[in-house]
Amino acid sequence: MKRLNTLNPGFENDFASLMADRSSEERSVAEPVRAILADVRTRGDEALCDYTARFDRLTLSADKLRISAEEITREADRVPADLMDALKTAARRIEAFHAAQMPKDLDFTDDEGIRLGMRWTALDAVGLYVPGGKAAYPSSVLMNALPARVAGVQRVAMCVPSPDGVLNPLVLAAARLCGVEEIYRIGGAHAVGAMAYGTERIAPVDRIVGPGNAFVAEAKRQVFGHVGIDSIAGPSEVVVVADGNNDPRLAAIDLLAQAEHDEQAQAILITTDAAFGDAVNQAVLTELQTLPRTAIAAKSWADHGAIIVVKDLEEAARIVNQLAPEHLEVLLDEPRAFSGLVRHAGAIFMGRYCPEAVGDYVGGPNHVLPTSRTARFASGLSVFDFIKRTTTIEANEAGLKKIGPAGVALAQAEGLDAHALSLSLRLDQL
Ligand SMILES: NC(=O)c1ccc[n+]([C@@H]2O[C@H](COP(=O)([O-])OP(=O)(O)OC[C@H]3O[C@@H](n4cnc5c(N)ncnc54)[C@H](O)[C@@H]3O)[C@@H](O)[C@H]2O)c1
Ligand SMILES: N[C@H](CO)Cc1c[nH]c[nH+]1
Ligand SMILES: [Zn+2]
């Protein structure tokens with residue numbers, strides 16, 4: 001864990017190295033991922049089976065890549081009723097929030113008599129990545145699949161690894177709840193490659209969405225352009241902004257809630273109170289002694305964790321904006337005022353009773369969020385990742401007469417004579 005204090009002379013250097021930390025890790029997986037993607041493109045299903053044996057310890061033949069309808073039913077039926085109720089509560093809230101996002105088409109005639117429009121169309125085929133290496137993520141099934149369903153996507157395929165061949169009943173129950181039937185038991189970069197390029201058994205999709213580890217995030221980055229992606233939603237991150245008026249244990253647990261996802265996850269505390277920072281660190285070390293996922297969380301905290309002491313909340317906000325974290329938790333009396341200063345964060349959790357875990361499961365907004373400072377330009381998953389726009393222009397003689405001559409002038413200025421003629425020949429007929 002790094003300790004930083006904005007009053008220390010070396011602060012700028014320390015902070016720069018904290019920010020560089022994320023990108024150096026991404027660079028280290030770029031070459032292995034490139035090789036995996038190239039191999040999947042060349043050898044298709046055979047490569048998928050080889051990588052699944054190597055990384056997930058599961059020997060497969062190509063005809064077993066897809067999880068059968070019988071397996072889905074068998075596993076999903078094993079989920080106890082109370083857990084199904086929890087899943088339905090989450091699904092209801094997530095679906096309602098995403099339904100509220102759906103935009104309206106535009107259709108109007110402007111002052112010059114031209115009818116203009118913009119209509120939204122759902123994508124034909126999307127691929128959902130649901131992580132499953134170090135933990136199972138039924139919640140990510142809901143977060144991926146429900147916006148796709150709300151948007152009206154026709155074909156929804158899903159990849160989820162099953163380490164050692166073990167299927168997760170709740171993951172399959174969540175898929176069934178969302179109407180997802182095309183599910184492949186593969187993960188990692190090779191699953192992303194399969195959905196992007198297609199193989200003998202897996203038809204390619206138009207866009208790949210969903211979170212994953214560094215290999216998955218890098219694979220999505222590399223297939224972008226061939227297919228669309230939502231964002232770089234890699235190893236989890238949280239920045240907790242807290243004054244000294246908090247329970248150090250709660251702040252510590254909130255940091256560990258992200259650290260326990262992955263050794264590469266990053267949890268950062270920013271505080272105006274140095275003594276509180278020390279107390280939180282002590283509480284982290286205490287909690288690590290009993291948390292079941294200690295090995296992962298302790299490595300994340302040791303390698304990527306940080307406590308930054310700032311002189312005031314304005315300084316805290318400036319640092320948050322530079323970090324552009326996936327999640328920002330604001331443990332202050334006036335969280336709304338502070339969040340007004342924040343321009344770059346995937347999602348903000350406001351108030352002492354709104355830990356980030358609310359958003360992971362039952363808040364409603366999506367938990368698939370941009371990491372590695374990409375919240376400077378990217379947003380969390382939403383219905384907008386499953387729809388696209390087409391604009392329309394409709395002009396009659398009167399309209400063309402009004403706006404056509406300006407078009408002719410601009411076409412001639414660009415030296416594009418056929419463009420100019422396309423307009424002027426029609427104008428000449430009027
Ligand atoms: N940003 C978000 O929105 C968000 C949401 C949920 C989870 N997450 C993150 O998703 C990740 C989930 O990671 P996970 O590991 O549990 O599941 P995962 O499915 O993302 O990754 C597991 C797969 O990675 C591949 N893999 C493992 N080691 C490899 C290697 N050395 N070379 C190539 N491929 C390899 C394997 O195929 C394995 O099945 C965590 O980092 C978590 O923080 C992010
Ligand atoms: N915090 C993760 C996003 O970084 C999402 C998640 C799912 N389950 C638990 N947490
Ligand atoms: Zn989480």
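From the backbone N, Cα and C atoms, a Cβ is placed for every residue, glycine too.
Remember, TrEMBL labels are computer predictions, not curated facts.
Taken from TrEMBL, the feature substrate binding site covers S236, Q258, H261, H327, D360, E414, H419. E414 (substrate binding site) carries neither a helix nor a strand DSSP state and counts as coil. Its own atom aside, the Cβ of E414 (substrate binding site) has 10 Cβ atoms within 10 angstroms in the protein chains shown.
Among the features that TrEMBL reports, Zn(2+) binding site is placed at Q258, H261, D360, H419. DSSP gives D360 (substrate binding site) a helix state.
In the three-state DSSP assignment, the secondary structure recorded for E326 (active site, proton acceptor) is coil. Its Cβ taken as reference, E326 (active site, proton acceptor) is surrounded by 31 other Cβ atoms within 10 Å in the chains shown. TrEMBL lists E326 (among others) with the feature active site, proton acceptor.
According to TrEMBL, the active site, proton acceptor annotation covers H327 (among others).
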Candidates S236, Q258, H261, D360, E414, H419 (binding-site residues) with CB under 6 Å from ligand 1, in sequence order, are S236, H261
State the count of C-beta atoms found within 10 angstroms of the C-beta of D360 (substrate binding site), not counting that atom itself. 20
May I ask which residues of the same chain, at least 6 positions away in sequence, place their Cβ under 8 angstroms from the Cβ of H261 (substrate binding site)? K134, A135, P235, S236, I296, S300
Between the binding-site residues H327, H419, whose Cβ has more other Cβ atoms within 10 Å than any of the rest? H327
Tell me which of the binding-site residues S236, Q258 sits in the most Cβ-dense spot, judged by other Cβ atoms within 10 Å. Q258
For ligand 3, pick out the recorded positions E326, H327, D360, E414, H419 that have a CB under 6 angstroms away from one of its atoms. D360
To the nearest Å, how far is the Cα of E326 (active site, proton acceptor) from the Cα of Q258 (substrate binding site)? 10
